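According to TrEMBL:
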type	residues	note
TRANSMEM	12-33	transmembrane segment
REGION	104-133	region 'Disordered'
TRANSMEM	172-193	transmembrane segment
TRANSMEM	214-234	transmembrane segment
DOMAIN	399-798	domain 'Major facilitator superfamily (MFS) profile'
TRANSMEM	403-423	transmembrane segment
TRANSMEM	443-462	transmembrane segment
TRANSMEM	492-511	transmembrane segment
TRANSMEM	523-546	transmembrane segment
TRANSMEM	552-573	transmembrane segment
TRANSMEM	617-637	transmembrane segment
TRANSMEM	652-670	transmembrane segment
TRANSMEM	682-701	transmembrane segment
TRANSMEM	756-789	transmembrane segment
Amino acid sequence: MLIRATRKLRINALLLGLGVLLVTLGFNVLLSVSTLNTLATDMVLSGYRSGAERLARDIERGMRFGKPLASFAGMDEMLAELGQSAAGIRRVTIIDARGSTLYEQPAQDSKADSTLPPGAASQTREGKDGPQGAIKTADGYRLSIPLSNKTPVGQLLVDIDGKPINAATEDFLRLSSLLLAAACLVAGLILAGRLGLLTGQRAVGTSLSGMTRMLLVIIGTSQLLYACGTLVLFDTFVKQAVRTKADILAEGTGRDFEYLIHKGVDIASLRGKDQALEQLLAANSELAGAQLLTPEGKSVASAGHVPDPALTVEKSLSTYWPSRFRQKQEVLRLQLAVQPQAITTRISALALDLGASLLISFLLLLELSKLLGLIAQRNLPPDAAANALGSSHHSLAVQALRAAGFVFFLGYDMGISFIPLLARQLYEPFMGLSRDVAIGLPISAEMVSAGFALLFSGGFSLRYGWRKVFAAGTLAAAVGLMMGGMANSLLLLILGRVATGFGFGLVLMAGQIGTLGKANAGAGLTSVFAGIFSGSICGSAAGAMLADHVSFQAVLATGACTILLALFTVMLGKEPAEAAAGSSGNAVCQGSGAQTAAQGHMFSGCMQLLHDPRMHMILWLVGIPAAMCLTGFLHYLLPLRLANAHVDQSDIGRIFMLYGLCFITAGPLLGKWIDRRKDKSLFLTLTGLLSGITLLIAATATNMAGAAAAVISLGLAQCLAAPASMICVLTLASAQTLGREKTASIYRGLERMGQVAGPVVFGIAVTVMAPASALLLMGGIVCALSLLFHLMWRLRTPAN
């Protein structure tokens, strides 16, 4: 019987390990495929757009010379020429300002597919855009070029076949899938041998205790090897995409010169030919040079230079159009030279994106490995489970809270990147509010709802226990995300975000309350926040990736299903002896005063805490200033400053990722340091000083390195603030009388005032004075307040 149970345990561990391997490597594959698809599509569509814009300029030039758009002589021939200039163009259409089709090549009987209703193009672009502003269609992309003659008169629509564009991505996906299957096979054999399935090893506890480290080594090594191979593949596919764009440009430009040759123009003596080539290079940064050559190789016109003869594209220019009666006769060759630096720049950008993808995959691997270890630990015999738990720095409940927080925020943050876009899609006149205000209502309603949940969560936890509060928050958030997934109006989306925000507040406070009742509360709190930020980073990346392929509503529904798994995860931390201990453990932690408070209403006994001057010292001298720095600088001022400095959005995202990484890497170490020190107020002083130093760094350093240093400093400050503020408040006599549940709820609710006021205060400050001066002034004030707190706390704390 024991042998059968042991074998079942090993098989389950093997299947769970392979599941972690498949999820993490698959996640990395999908992220890299999405990155490559965006790059290749953007590159190729830019070539098509260049040709379409050249035709649009010709049409606008004709309208300025008196040709009306509705009866433009030779329009059909011009559209047909554009369609023949590059492979992959399915249809070229001209519509007027009302959306009615005026010209179409190739013509079709039914014009329903090629006719857009008035304003449809702009409405579609407010939804999900493809690269180069292209509109995604069922079978490819549609480029829309506006046509103007002093006022907008219509649009040029170019429908492009998506199959040639996606061919490179599909090839890359097939190769990656083969690598993924091989990695699963090799890792499965290694795991089976390590667990004793191949060797007949009888000891189980030893094998499972090192499973997390083993998975990190095996899967982490696989991810690094995959990343190296992906960079090699990226180099090949980027060169292919650049050559494809050069081919498209060569076809379009070559046909322009062939048209002149057909009209009998001598290109060698044509004035302005060099300027035409220079304009071509100026409009396309991927080109380093262009020249017209005779069949003997003599240069007739040139612009730029040829850095690498191997990276050139040539197009033959013939004397006559091909027909049955006249054959082509080459008179010139158009040669376009690709810029190697453009390829290097693209590869460097891809390497940074791949590094971010690899980091996200490692975070996913780390948290899933911890969850796997938790599941395996629950299946161990009692004596082996006790030994495994004794070797851990955290209790079983804290480990489960970290894993549950990761799973919850993995689903919760899947929609964080597109909620305003979804609101814009669903917009309709709402309560007489302006369009911009109405679009912001879902997020505002979510934040207000979360604030109410923070206030009520303490009383709920005291009455029903933090696990039931966590479960209620999980269900509320899942219902809210599902409502968002089914939303067909702005009102339903707002209601969904209200439910989601309320669930967010309950889960966030339940996780902290459940940790504060354990030993080593500082390390426990930072561990839980590390899991939360890992889930947030992975969830936002997964949601953005899924939104490229499915609808926004489908992503929210996926997040709702993911969140429900947190219910199962948090129950893994329920220790067998916990139910027997019951309320006696709570009585020890909370004291008799807390039991008395529980008999009253939800906010009974709160006034004693609110009248405690030392609580207000923590709140007003450190808590609120640090919270204002978080939202006012990180979420409001920093994105604006980086955008004004023309920093790419991807680089801004990577800088923001540093904040979460501080919680994941430095947070647990700082939490252990807090637990070892008796004087917790020192860490609140450090919180204020680091928050002020953040603003001082941002004021004096305006480059990317300075922004990164400021974010890291702020991240370290918040790593200290999260556990130290709660632990310091709980040492107050009024807090011990009230109980940790209500105390935590009230303090976090009051601290949220700083988060709400942060953007407003920073906005007023940069309006009144220069941003650098405002940051210097506020940074100095925050540092001074932290030093004042340190002095006053020392004076009001009795010596022991």
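Cβ coordinates are placed from backbone N, Cα and C, and glycine is handled just like the others.
Because the structure is a prediction, the values reported are computed rather than measured.
Here the transmembrane segment (214-234) has long-range neighbours at 17, 20-21, 24-25, 28-29, 32, 36, 172, 175-176, 179, 183, 187, 190-191, 194, 347, 350-351, 354-355, 358, 361-362, 365-366, 369, 372, meaning same-chain residues at least 6 beyond its ends whose C-beta is under 8 angstroms from one of its own. As a whole-number mean, the pLDDT of the domain 'Major facilitator superfamily (MFS) profile' (399-798) in this prediction is 86.
Counting residues 6+ beyond its ends, the transmembrane segment (617-637) has Cβ neighbours under 8 Å at 656, 659, 684-685, 687-688, 691-692, 694-695, 698, 710-711, 714, 717-718, 721, 725, 728-729, 747, 750-759, 761-763, 766, 771, 775, 778, 781-782, 785-786, 788-789, 792-793, 796 in the same chain.
Proximity of the transmembrane segment (12-33) to the transmembrane segment (523-546) is established through 3 or more Cβ-Cβ distances under 8 Å for residue pairs spaced 6 or more apart. Sequence-remote contacts of a segment are chain residues at least 6 beyond its ends whose Cβ falls under 8 Å from one of its Cβ atoms, and for the transmembrane segment (172-193) they are 13-14, 17-18, 21-22, 25-26, 29, 32-33, 36, 199, 214, 218-219, 222, 226, 229-230, 233, 237.
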